[in-house]
Amino acid sequence: MSTVDKMLIKGIRSFDPENKNVITFFRPLTLIVGPNGAGKTTIIESLKVACTGELPPNARSGQSFIHDPKVAGETETKGQIKLRFKTAARKDVVCIRSFQLTQKATKMEYKALESVLQTINPHTGEKVCLSYRCADMDREIPALMGVSKAILENVIFVHQDEANWPLQDPSTLKKKFDDIFSATRYTKALEVIKKLHKDQAQEIKQYRLKLENLQTLKDAAYKLRESIASDQDRTEALKSQMQELENDIQHLDNNIHNTEVTLKDLRKLQERIATKTAERSILFKEQERQYAALTEENEDTDEELMEWKSKFEERIAILETKISKLNREMNDTETKISYLKETMDDYVRETSKLQTEAEVHQNLKNDRELKIKRLFERNNLGVVPNSPFSDEVALNLINRVQSRLKDLDNDLDDKKKSNERELEAAFGQYMHANDCWKDVDAQKQAKLEIKRGILKRIEEQENERDSFERQISNVNLSHMDEREKNMRIEMERKTKHLAEREFESSIQKKQSEIHSLEPKIKALNREKDIMVADSEDRVKLSIRKAELENLKKKLKKIMDEHKDKIRGVLKGRVPADKDLKQEIAKVQRASQAEFDDLNSKAREAEKEVNLLQLKIQEVNINLSKLHKDMDSRRRFIESKLHSLDQQSVSIDSYPKALDSSKEKRDVQKSKYNIADGMRQMFDPFERVARAHHICPCCERPFSAEEEDEFVKKQRVKAASSAEHMKLLAVESSDTDSQFQQLDKLRMVYEEYTKIGQESIPLAEKSLSELNEDLDRKNQALDDILGVLAQVKSEKGSVDALIQPVETADRLFQEIQTLQEQVDDLEDKLDFRGQGGKTMEDIQRELDSLQQTKDSLHNDVEKLREEQRYTEMDISSIQMRWHSLREEKLRATNTLNELRKVEEELDRLAEQKNQAELDEKHLAEAASQLEKEKEAFLRHHNVLKAKLNCEYEEQAKLKANYQQEAVKLLEITDEIKKYHALKKGERLKEVQEKHSQSESQFRSFEARKEEISVELNKIKDLMRNQDNVRRGIEDNLNYRKIKAEVDGLAREIELLEEEILKVGGASAVEAELAKLSKEREGLLSEVQLTVAYPTPHSVFKQMPWHHVCL
């Protein structure tokens, strides 16, 4: 069962974003109490958001859920919810969700930041943090808790505004219940089963049609085999005739090739002439444009122009240096002026402040004189001199006031001490009685608390015992062991089958064969393209482009559908299309290696658990033997005790019985000795009483009547003591005999105690250590299995991407192939050659290679499908095995807990009886002490009220005088503080500094005007120099372009001379047409030779998968 431990809230609704508020959830119940607006509902909302990611109602898309930035005085606030809980597997997990609310110009923007899950690595003990998107976190946490998201939203953490959903309309209510009880999962499963049944029926129908078609093709194949032998002789004769014609065609092909090479060279020369002409025309236009833009065409040489240009650039650099220097000086002056302004403003503010303080100082001196006069008049302190007072006179008067205040303090302290002594004596009597009563009452309350705790624990233990008995009533451990053994065998068989098949190596081998066929198919396609006419090339080019666009759309569709999954597998990356398959394959290999490693660790951990279980079984056998020995000794001692006491007693009462027997023996001996001593003392007591007329015990004087009464009593006791001593002698002998018999059983009881306190605890300690070790191993195994399940789920997500990624990679390869074909067609549309093969030969070879490639693709798909089904079977078996082990572990733990609960109930019953007896004795003692305590308390309260009244009257007089004296001293301190800080001198100093700053400010303003005038003059001069430099650069650029135009004209003339030497393109094209006609005549003769199609040739032209038997 999953439980919530702690939650931290920061920046949510009214919770401060700067403080961390931690709520601890206690078990079995936590009550949240507080006034309206305290944040009770916010705690439930935070729990719901942390577990499901769903915001509460009326949250305005999260804007009202996060602490308002306006309230915090910020433009942005951040909120955080950190929840620590135990998963269904009892592992500690911390969920952290962070949010951000930003105040924009016109609106508030809410954003959910990345979520984090923290776990503890069971091997290293370190914290492991995993970052998730919000959607992944919303699925992960309910899965860890073992509770569906619908139950968390609508039952456990339902909001108070949504708690009335059972009263909503039927459609909404049905949807809620379907989500809670997962009813839609079963309906979807039925729909999937129906769909599979329909697809299987359709597939069977198709296979039947294919079977009939294959039977027909099989019959035709038998007939074609019979005609092949008769056609082979005729084929040999035709081959020799075709060989002669092919030699002639080969000779013509060589001539055509040489002519085409010459024509190709001529066309390249024509293209170069056209390119040079276009370049010359562009440069000539640029030359004319620059000539028109020249203000003046300079007749100086290029060297002279370059020299003038460098001189102007140096002058411009010098001017720029002067401008920068003046700008720096200007900035420095402005900085000084601004600093002086700020200084002057500070002096003005300080002057006004000091003048105000001077006025306040004079007012304080007047108040001091007035208060001194009032104090002297009211309290008769003497004569006051005339105003105004000097500082010395005022100080003397204040000292007289303080001395009077000290006298009043001393009188009040003496009164207080005398009152405290009287009250302390009265309160001491009360506290002594109260301490005695509290001790007894505390003992009584402690016994009550112990009794209530015992009763509560008894009730809890009984409920827990009933719960454990109900849990183990339907458990069959032997059946679980058999199921676990079968699953382990099945798991090993499936894993061995997967390793033996070697799917990856087979797939890679098939793919390498496919890649080796692709260059051959590409070469054949090129050869076929060369033989197609110009119009056919264009048609084919358009078809290829259409296919290319179609493949790109398919690739884009696949990538869009699986982009999120790819990003999740590759940690947020989406690689290029060409690297996608390699990246996914790398991730798959890594996940497979991690899965295999964890699987081997799980098997090793399981072996260790089995070994520990065998050790625990041996310890249990030894422990049962010890219990049997202990029971035999217990029965022997109990039988002896029964024979002595004639009633059923347990062995636990033996020490009490032995001590009781010994105590009885000692008591009887003591009684006998006391009685004997008393008997011997009767005569001396009587003689002392008669001789001295006092009590022999306490020496109290006796009257005559008391003395006679005492002597009479002593004689009666002396007469009865002889008979009493006989009875005591018999009882002492009986108790001594019983003690001797019990003492003989001590050796057996010590052996019994040794077994119970040493041997059995050692065995139980060893058993508990083994059980703890077993629990640790089981926990480690569960952790490994949990991580294994997580790795398996990640591996499943990667495996699910293999097929679409391979499809995308195949489409990408086909796109690359088609792109190359399109480029080849576009490049070679005007330049082609022809080989020695016929169109039919190329087509047959191309079909054969394509069929081989298709069959290899089908084999690869089948191998992948078989691999995926095998891995799914292994995953299913592992999940069922893990759930069975958890069920078995829970049943074992329940049996152990039930045994512990029964032992605890027996111990609690004994504690309850002892607590009830102690409580009765303490109640009687407490009632007597309480009466004495109340009498002392009443006396103390009366005395306290009387003394407090006298003290308060005297304190009131002193307080009034002290209040006036304190005010006078405060005024005096303010006056002294003013003189100590020398604020009058500071006022004069500030006024002088202010006048100096004003004179400096006027001088800096004048310097600023001078710098501004000089700076404007230098800028005008620099603009004139820059215009002259630009004119020189324009002349140099014009001369450069003119030289390039003349060079291109000379190159064009040389290329035209080369074309004239060859003879022209028209003559070469005529020769090529003549050779092509001769070749076509030979090809027509070859076609007439093989024009009649024999059955053998028809058989060769048929697709191989149609004639395969």
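Numbers here mean position along the shown chain, with the first residue as 1.
For all residues, glycine too, the Cβ spot is worked out from N, Cα and C.
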TrEMBL annotation (coiled coil) - matching range among 451-478, 479-506: 451-478
Coiled coil range according to TrEMBL, out of 126-173, 1038-1085: 1038-1085
Region pair the coiled coil (398-425) / the coiled coil (507-622), three or more CB pairs under 8 Å: no
Neighbour count (Cβ, 10 Å) for C695 (Zn(2+) binding site): 16
Same-chain residues at least 6 beyond the ends of the coiled coil (451-478) whose Cβ lies under 8 Å from its Cβ atoms: 888, 891-892, 894-895, 897-898, 901-902, 904-905, 908-909, 911-912, 915-916, 919
